[in-house]
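Asker: Got a structure for you, questions after.
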Amino acid sequence: VFGKSSDRMNESDIINFQIVVAAIVCIGLVTSIIFLIFVPEDPTKFRSHSMESSSHSQDSNAPSMHQPAVKILARFMLHYIGAIYLNVRLFVVAVQALLTLYLHESLKSHAYELATVPLVLNITTFVVSLLTGVLNELFGRKATFTFGTTFGLAACIWTYLGKGELYAHSLIYVVAIFYGSACALLQITALALIAEYIGEDINNGAFIYGYMSFLDKISGVTLALILAFHDVGCDRYFTCSVVGCCGCSSILATILLCALKTPVEPIFIHTEQYKDRSKGSLSDLKLLVKDSIQPVKPT
């Protein structure tokens, strides 16, 4: 990165990657230990928060009750939102994993581009992520998601058509900016959709996030299949892989989101006891009776 090299990656660079991976693991381990040791956790605050959440749930007549996994998995909306999240994760993981292979195999990029293009991608993702909340507030989730898809499709088209020295050494950074913007807009909007669906359901929220994490593994299986069918003699294999995987997943996710009725109804009001809200709850009935028997004050 610090010295612009014209050399391509080869087997002698394996040790360098091993050093980088070891450094990342060590840094993560040290920061995790620092967090566990030095960040205080007050159990009384946790109990107080739990009591407040319980009180709030009772006041809203929509308590968050722990439900069996079978009941949660039986909800169509969970799998619908999961399909959106799966396609978004497939887009993001494909960009992160296949873009470097595209640079190395298809563009025959030098070591300098292999280091700096992902750097530009990640910096762009971080910067745009800071603006995604504002965009969601101003334009709504569907419009923000569509912005991300537009960036992603523009990057895919440019990836498929791009060729030549100017593209390989200069314009590829613009493509990386487009991919980074799309990753931030799509992923944060999808996570916000999941959070909206969970609502205040602290009992079942962990299971739902675990289910979404399982869908992440499915996207990993897709990438494993792409690598398994890699044709060594085809220089444009990873070009078509990046374009096809990112393009199809972003389009499908956008179609699913646009067909979704928003705002999403949180899962915690779907309990059997409170499914038909039009009938009202027992507390509402008590308040109605109390108001009806109050004596009329003389004027």
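One-based numbering along the chain as shown.
Using the three backbone atoms N, Cα and C, a Cβ is placed for every residue, glycine included.
Okay, these came from TrEMBL:
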{"type": "TRANSMEM", "residues": "15-39", "note": "transmembrane segment"}
{"type": "TRANSMEM", "residues": "80-103", "note": "transmembrane segment"}
{"type": "TRANSMEM", "residues": "115-136", "note": "transmembrane segment"}
{"type": "TRANSMEM", "residues": "143-161", "note": "transmembrane segment"}
{"type": "TRANSMEM", "residues": "167-194", "note": "transmembrane segment"}
{"type": "TRANSMEM", "residues": "206-230", "note": "transmembrane segment"}
{"type": "TRANSMEM", "residues": "236-260", "note": "transmembrane segment"}
Asker: If you count Cβ pairs under 8 Å, which stretch among 15-39, 115-136, 143-161, 206-230 touches the transmembrane segment (167-194) the most?
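Answerer: Most Cβ pairs under 8 Å with the transmembrane segment (167-194) come from 115-136.
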Asker: Looking only at residues six or more beyond either end of the transmembrane segment (143-161), which have a C-beta under 8 A from one in the stretch?
Answerer: 91, 102, 132, 135-136, 171, 174-175, 178-179, 181-186, 189-190, 239-240, 242-243, 246-247, 250-251, 253-254, 257-258
Asker: Ranking 15-39, 80-103, 115-136, 236-260 by Cβ pairs under 8 Å to the transmembrane segment (206-230), which is first?
Answerer: 80-103
Asker: Do any residues of this chain, six or more beyond the ends of the transmembrane segment (15-39), have a C-beta under 8 angstroms from a C-beta of it, and if so which?
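Answerer: Contacts of the transmembrane segment (15-39) (Cβ under 8 Å, skipping residues fewer than 6 from its ends): none.
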